[in-house]
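For 36-61, 124-145, 157-184, 196-219, 226-246, 258-277, 289-308, 351-370, 382-399, 419-444, the entry in TrEMBL reads transmembrane segment. The domain 'SLC41A/MgtE integral membrane' annotation in TrEMBL covers 80-213, 293-436.
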Amino acid sequence: MVVTQLNLKFCFQGKKLRGFSCELTRSSHGVLPESFFTIMCQVVVPILLSGLGMMMAGLVMNTIQHWPVFVEVKDLLTLVPPLVGLKGNLEMTLASRLSTAANTGQIDDPQEQHRVISSNLALIQLQATVVGLLAAVAALLLGTVSREEVDIAKVELLCASSVLTAFLAAFALGVLMVCIVIGARKLGVNPDNIATPIAASLGDLITLSILALVSSFFYRHKENQYLTPLVCLSFAALTPLWILIAKQSPPIVKILKFGWFPIILAMVISSFGGLILSKTIAKQQYKGMAVFTPVISGVGGNLVAVQTSRISTYLHMWSTPGVLPLQMKKLWPNPCSTFCTSEINSMSARVLLLLVVPGHLIFFYIIYLVEGQSVTNSQTFVVLYLLAGLIQVAILLYLAEVMVRLTWHQAQDPDNHCIPYLTGLGDLLGTGLLALCFFADWLLRSKAELGDISELASGPP
């Protein structure tokens, strides 16, 4: 399919037409091209803002890890990555769906816009309730691996905190995503480039803050044995209402039936990242883990969500489910083709990969200025940290290309099936690689210190 765009410019003097110019743009690839500079300009500001939001979330987590409720209920730390990951499972998926709907003209009609928005918001409230409860169960199961006793009061606190946090965060971020996508559409900006980063910019901070406040509230009122069960039952009672509203939209009905597996599996994947965090955060050699975990996990998930949303929109505009375009026929493309060709999706992958190192350097410098000596600033750690960020994002961008093609080939919507998996993997890869960075830096410093001691011991008496 060849697409042609004609831009006309008229020059008036008073009310008289004095001249005009025209510009013709043709694309043989079925989509009007975006230049490297255009993609960079639209992506860089939201990405930096999202990084600042995730950096703030890291600073918040570094503080709340010492609160009494987090010290006594250790499973709350295991709960952090899957709950924070809900922005990838729910809000970023919502942003991607709405961006696709906006770019394909589905929400231009006011009546259709109201139906699409209400059904999508009801869907994420239902998903937040269910996944919030399952995240608490997963945290409890992973926690019981390392201990035998189970405190029922702590179980109730964990479940109520998880469900209420997921519900409130989903509502706040869902409304924000609706406003951003509609605003971007009216301003002529591609929502794919800005919606998911902005979801990430506030998602971590809002979710962590709500979790800290809600869990502390329940901890202060732990003598009231009816409070936490009543909260869980109240939100469970609202699920029929969300189902009724969500059924207004046929595509949402399909998600209600078949869209649970991706978000639940992504939550389980993120929970293993939470297990790594809870096992390392209190150890001296991993000092600073709490600050950097939201940043490295969030940046990776954020960048891959942008790429996934862009590829999904491309397929929705110029193909039909089950049929891949000619230039995307390979289900398992060569990694070089993901980053090194002239295709529009390859160009955006290069832009996103180029943002990793400068972005992380900016966030690292700001964290060091705020936290000072509480975080390591050794050159070895900085190099390892930047290398880990590059490896994480490169893996995720390649997996995005593969997963979107496989999903589309199976006539499924990548907006609903790919982003949860990829953001969950981003959490796990980010937390795991960050723990390896701290461990490798600690080993190298220990060897250097032992070498200095050996030199002193072997010196002249």
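From the backbone N, Cα and C atoms, a Cβ is placed for every residue, glycine too.
Within the same chain, the transmembrane segment (382-399) packs against the transmembrane segment (289-308): three or more Cβ pairs sit under 8 Å, each pair at least 6 residues apart. Residues 36, 39-40, 43-44, 47-48, 51-52, 54-55, 58-59, 291-292, 295-296, 299, 303-304, 306-307, 339, 377, 382, 385-386, 389-390, 393-394, 397 of the same chain, all 6+ positions outside the transmembrane segment (351-370), place their C-beta atoms under 8 angstroms from a C-beta of that stretch. With a cut-off of 8 Å between Cβ atoms, the residues of this chain six or more beyond the transmembrane segment (289-308) that come close are 43, 47, 50-51, 54-55, 57-59, 61-62, 65, 81, 84-85, 88, 92, 95-96, 192-193, 196-197, 200, 203-204, 208, 273, 277, 280-281, 345, 348-349, 352-353, 355-356, 359-360, 363, 367, 371, 374-375, 385, 388-389, 392-393, 396-397, 399-401, 403-404, 414-415, 418-419, 422-423, 426-427, 429-431, 433-435, 438.
The listed stretches are 157-184, 226-246, 258-277, 419-444; of these, 157-184 has the most Cβ pairs under 8 Å to the transmembrane segment (124-145). In this chain, the transmembrane segment (226-246) lies close to the transmembrane segment (157-184): three or more C-beta pairs between them fall below 8 angstroms, excluding pairs fewer than 6 positions apart. Sorting the domain 'SLC41A/MgtE integral membrane' (80-213) by DSSP state (H, G, I as helix; E, B as strand; all else coil) yields 117 helix, 0 strand, 17 coil. Look at the domain 'SLC41A/MgtE integral membrane' (293-436): DSSP puts its residues at 118 helix, 0 strand, 26 coil.
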